[in-house]
Amino acid sequence: MSNYKIILSGGGTGGHIYPAIAIANELKSRFPDAKFLFVGAKDRMEMEKVPQAGYEIEGLWISGIQRKLTLKNLMFPFKVISSLWKARKIIKSFKPNVAIGTGGFASGPLLHVAASNKIQTLIQEQNSYPGITNKLLAKKANKICVAYDGLERFFPKDKIIKTGNPVRKGLLDIDSKTVEAKNFFNLKHGKYTLLVIGGSLGAGRINELIETKLDFLDTQNVQVIWQCGKLYYQQYKIYNHTKNIQVYEFLNNMDFAYAAADIIISRAGASSVSELCIVGKPVIFVPSPNVAEDHQTKNAMSIVNNNAALIINEEDLDADFENKFSQLVASPEKQKELGNNIKSLALVNATKQIADEVEKLLKNK
Ligand SMILES: CC(=O)N[C@H]1[C@@H](OP(=O)(O)OP(=O)(O)OC[C@H]2O[C@@H](n3ccc(=O)[nH]c3=O)[C@H](O)[C@@H]2O)O[C@H](CO)[C@@H](O)[C@@H]1O
């Protein structure tokens, strides 16, 4: 039998959505007759990105809980009840053989209901410090695929499999795409290209930095692809096409963006870090300090400690950025060293290994 029904849930940010899409794509290539359904949170970016990737999605009325007393928080119990009810309805009518959760609020009710109905479940945790949803789901899940060591502190040890983070297929062979990518972005061949990415939502502090360093970057003779995020686009689009700068709210072709780049400045979300290892180019990480347990700094340090990338913390940007950046641009040797070292840390088979584990669950092994 290969006409399996597979349900996937993960979202809120790209960091939970793209792993789910990568897993679905791999399973689709193995089981072309399988049926797929995604479940996300209404109004979040998965409702747009998942259909763009060619899959159906249903939305639950759910969001996270905040630390302060707000109207949104008071609604939280009602949202949980509503989303559990809808998740039950979806599971009953779709009748999946397996449920896969990649973190984010919607995967909580969906995977909880699936496990309660004795459906095999697999969760995938991208970070070295797990999100609350996966922590809650771990007890009932059949398998937990992780990307870092030490997660037995949070999850049952016998369920953990270290696979790395799933990465979309198109990002695996960017070396062959450089010329096509530079043409795609209308970039000058032979001129240095800086790619700035602020994670799937954009990063306010990185945007401020780039805005104040536009003249400096001009003196460095670089052309810039700057992904500022949907929230910030109205503020920064005035710089589009000034001083060799291109401003984007979101890059839909990350393979071309990575392929065109010579140097990359990035947040250190888990999927970004996994992708940057595969890409193998010199990176300056600016981790977000606003995430649980400062996990982006931990993600970045796992690379920096291997002499495989540079890091500048937000509070040091004003003092250190110009020096570190100009030294890196001036040293092809350093760029090569960082590029080679980061590439050696890549876990390129993650998606395949996770799909192998899903296959075992489907065949009930
Ligand atoms: C602020 C915040 O809460 N960040 C978290 C969020 O980050 P975030 O959602 O930014 O996630 P990641 O950095 O892990 O992944 C971003 C994904 O979006 C893609 N992308 C990004 C920009 C763009 O223009 N186009 C595009 O396609 C990247 O290629 C990548 O696949 O989830 C991660 C994974 O759980 C966490 O590690 C991060 O700490």
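Placed from the backbone N, Cα and C atoms, the Cβ positions cover glycine too.
Bear in mind that the values here come from a model prediction, so they are computed numbers and not experimental data.
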Given that TrEMBL lists Thr13, Gly14, Gly15, Asn127, Arg168, Ser200 as binding UDP-N-acetyl-alpha-D-glucosamine, which residue among Gln52, Gln246, Gln296, Gln327 does it place in the same site?
Gln296
Taking ligand 1 as the reference, state which of the binding-site residues Gly14, Arg168, Ser200 have a Cβ closer than 6 Å to one of its atoms.
Gly14, Ser200
Could you state, as a whole number of Å, the largest distance between Cα atoms of any two of Thr13, Gly14, Gly15, Asn127, Arg168, Ser200, Gln296, the listed UDP-N-acetyl-alpha-D-glucosamine binders?
21
Chain-internal residues, separated by at least six, CB under 8 A from Gly14 (UDP-N-acetyl-alpha-D-glucosamine binding site):
Met45, Lys49, Gly199, Ser200, Leu201, Gly269, Ser271
Gly15 (UDP-N-acetyl-alpha-D-glucosamine binding site) has how many other Cβ neighbours within 10 Å of its own Cβ?
24
Would you mind splitting the domain 'Glycosyltransferase family 28 N-terminal' (6-145) into helix, strand and coil residue counts from DSSP?
64 helix, 28 strand, 48 coil
Hey, what's the Cβ neighbour count for Asn127 (UDP-N-acetyl-alpha-D-glucosamine binding site) at 10 Å?
25
